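Copied from Swiss-Prot, the annotated features are:
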- Glu634: active site (ACT_SITE)
- Trp99, Arg106, 145-153, 186-189: NAD(+) 1 binding site (BINDING)
- Arg561, Arg562, Glu591: NAD(+) 2 binding site (BINDING)
- 408-472: domain 'SAM 1' (DOMAIN)
- 478-537: domain 'SAM 2' (DOMAIN)
- 552-695: domain 'TIR' (DOMAIN)
- 53-96: repeat 'ARM 1' (REPEAT)
- 110-149: repeat 'ARM 2' (REPEAT)
- 151-189: repeat 'ARM 3' (REPEAT)
- 192-231: repeat 'ARM 4' (REPEAT)
- 233-276: repeat 'ARM 5' (REPEAT)
- 277-310: repeat 'ARM 6' (REPEAT)
- 311-350: repeat 'ARM 7' (REPEAT)
- 355-398: repeat 'ARM 8' (REPEAT)
Amino acid sequence: MFLSLVVYLSKICRYLSMFSSDRLTVPEYVSSRLHNRRTAPDPRAVSPGISTDVQAVLDGSLPALRSAIRTLRSSKDTGDLEETRRAIAETFQLVEEAWVLPTVGRRVAEEICNRIRLDGGLELLLQLMQTPAVEITYESAKLLEQILVSENRDYVARMGLGVILNLTREQEDAQLARSVSGILEHMFKHTEETSAQLITNGALDTILYWCRGTDPTVLRHCAVALSNCAMYGGHRCQRLMIEKQAAEWLFPLAFSKEDELIRFHACLAVAVLAANREMEKEVVKSGTLELVEPFIASLDPDEFARNMLDSADSMQGRTAADLQHLLPLLDGTRLEGKCIAAFYLCVETSIKSRQRNTKIFQEIGAVQSLKRIVMYSSNATVCSLAKRALKMMSEEVPRRILSSVPNWKSGEVQTWLQQIGFSAFSERFQELQVDGDLLLNITEQDLIQDLGMTSGLTRKRFLRDLRVLKTYANYSTCDPNNLADWLADADPRFRQYTYGLVQSGVDRNNIVHITDQQLLTDCHVENGIHRAKILSAARRPSKPCLTDSQPKGPDVFISYRRTTGSQLASLLKVHLQLRGFSVFIDVEKLEAGRFEEKLITSVQRARNFILVLSANALDKCMGDVAMKDWVHKEIVTALNGKKNIVPVTDNFVWPDPTSLPEDMSTILKFNGIKWSHEYQEATIEKILRFLEGCPSQEKPDGAKTDKKEPQKK
């Protein structure tokens, strides 16, 4: 009893510290009213399911909350706009303070958000969002964004979806966009049906329209909304996203250099879309997917977690239900999905360890998936992230398994058995000298009769792990024609059949003549559907060989300065790509190689050359006699190749011609197009005329006029 009293008093002390000078800054009239209302309440019994420390905070907050909602109701009835704004501000302050509380923040905030609904506050907010007074609409939407916990999302989906959809039509209202994009971010987590309803009524169109903008708050909400739609919306919503070119519009977000959280959620969204085999090729074609791995490899999970802890939206981390949606990426076949899911789990482990809640990862099954990656994956980035996550979870990190399974001796088989949890059978496997060859040919009958694996479920577990091993194994020593990759191209799961086919004498040349019966009896492909798909793939016409003729070059090469021109360059890429142009834009990649040669070759092979002239874009070219600057090299290559050069300016001041090296000074004679963020479609139409019509350098007089504009400003 004494111990309980001590614990309770310590929680009260922690609660009182909330009201120190470190509290969030709010309008003075709100602070004074809150101070008057927050008198210490009498001790009350703890509500069922709520811990004492959570109840202690609620006892101080709920009276003020009830008072604010009463004020909100009365001021709405009387039409007192100033009093309405005060009540909304008080409620917002209580909610925001709850979300940033350490340890108990999520539980306190959820109780407060639910209480707002139960006391009628949510209904009032939906009504206020329809009033003619725009300031009330703005502030009501801002508060609604903060209180959309699970039960409140249910209410809005049933009673207020029309209100939200009406607000999404106000695409040009920048202040409203900040809140409505946040509301959509939450609502795309609700159900597949709600997401589909939002998409079919224009909400996704609005999100994609806002992806063109520059407001970091709106862009962050858009990135998270798209990742939520992809993760929680199911196959139907993923198909709708592809039809509306969401994969393409994710490119500017993933390419952004301004905000890592924007890039991260954009990469997560495109990785989830690519995990759907039905639309994988369309996602790959967008070009966004190749941004994922280099970006993730450049991040530090601990630093990223600290940034999330600084954000009120993310500081509590994700729930178990949210994290479970990462498992299909971890267990999938796309490297990008594994990479971003492993990184996300590292970040969440860092947050959950502060909350002393790392057991959540064992409960959702993430630990086994991470161990499988460590054992089998050959990608250094994914492997290191999986190891790091396991260490932070205080889990055992398994050893990397040698990939040349056909060449395994019995010792390697023993190691593998121990790491997958079948050490009880190690002795029997050792007695029978089971090596890699025998392991790859093992059948369920062998497990029962020779290896003593009598339990049916145990055999299923073993065969499941064996399928994973067969899928990851390297067959190069026995598969000279690379049948393994051909099977994986038909379906990544079919790689497990490689050894059986190769041992039976099948290769890429004669597979077209194989029958269903031969696949079953000789190659041991027992799944009839798999046999049908393999035979169908074998009878498809082979792809034309391009070794003799070089593939066609891109329609457009986009040259830009990374520090200031990334966003405009990425927008141009998407606009042109959606209009049927093939576009090359330099993307930072991990693989080594002759980078300079590849880049110059791309300029030479392109028909058009768009030069993005953002702020200070040519500064590094000045005095660059040795041509070490990349933009300088690209411009000179385009000039020498007589490309159709189209400069696009954005906050750019044309330099003195004498300040540029002589080999690129003629670039100043080209007619440039001034970019307009507000009228992007009109600007793109002008660029299209330049690309499809005569070269821009034929109009030097127009160029001189255009170049004077920024200086006049």
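FYI, residue positions are counted from 1 along the chain as it appears here.
Quick reminder: no glycine exception, Cβ is built from N, Cα and C everywhere.
Overlay of Swiss-Prot annotations on the structure.
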{"residue": "Trp99", "record": "NAD(+) 1 binding site", "CB count, 10 Å": "19"}
{"residue": "Glu145", "record": "NAD(+) 1 binding site", "CB count, 10 Å": "20"}
{"residue": "Ile147", "record": "NAD(+) 1 binding site", "CB count, 10 Å": "25"}
{"residue": "Val149", "record": "NAD(+) 1 binding site", "CB count, 10 Å": "18"}
{"residue": "Glu151", "record": "NAD(+) 1 binding site", "CB count, 10 Å": "13"}
{"residue": "Arg153", "record": "NAD(+) 1 binding site", "CB count, 10 Å": "19"}
{"residue": "Met187", "record": "NAD(+) 1 binding site", "CB count, 10 Å": "25"}
{"residue": "Arg561", "record": "NAD(+) 2 binding site", "CB count, 10 Å": "24"}
{"residue": "Arg562", "record": "NAD(+) 2 binding site", "CB count, 10 Å": "13"}
{"residue": "Glu634", "record": "active site", "CB count, 10 Å": "22"}
Other parts of the chain folded back onto the repeat 'ARM 2' (110-149), taken as Cβ under 8 Å at six or more residues beyond its ends: 50, 54, 58, 61-62, 65-66, 69, 72-73, 76, 81, 84-85, 88-89, 91-92, 94-96, 98-99, 155-156, 159-160, 163, 166-167, 175-176, 178-180, 182-183, 186-187
Residue from Arg561, Arg562, Glu634 whose C-alpha is spatially nearest that of Arg153 (NAD(+) 1 binding site), among the recorded positions: Arg562
Structural state census, the repeat 'ARM 2' (110-149) (DSSP three-state): 30 helix, 0 strand, 10 coil
Candidates Arg561, Arg562, Glu634 (recorded positions) - the one closest to Glu151 (NAD(+) 1 binding site) by CA: Arg562
Cβ-Cβ distance under 8 Å to Lys189 (NAD(+) 1 binding site), same chain, at least six residues away: Arg153, Asn228, Tyr232
Local confidence of the domain 'TIR' (552-695) - pLDDT mean: 87
Residues from the same chain, set at least six apart from the ends of the repeat 'ARM 7' (311-350), whose C-beta lies under 8 A from its own: 96, 99-100, 105-106, 109, 231-232, 261, 264, 267-268, 270-272, 274-275, 280, 289, 292-293, 296-297, 299, 301-302, 304-305, 358, 360-361, 363-366, 369-370, 372-373, 377, 379, 381-382, 385-386, 388-389, 392-393, 488, 492
Long-range Cβ neighbours of the repeat 'ARM 5' (233-276) (under 8 Å; 6 or more residues past either end): 188, 192, 195-196, 199-200, 204-205, 208, 211-212, 216, 219-220, 222-224, 226-227, 282-284, 286-289, 291-292, 295-296, 299, 304, 307-308, 311, 314, 328-329, 332, 334, 336-337, 339-341, 344, 562-563, 566-567, 569-571, 573-574, 577-578, 587
Candidates Trp99, Ile147, Met187, Arg561, Arg562 (binding-site residues) - the one closest to Glu634 (active site) by CA: Arg561
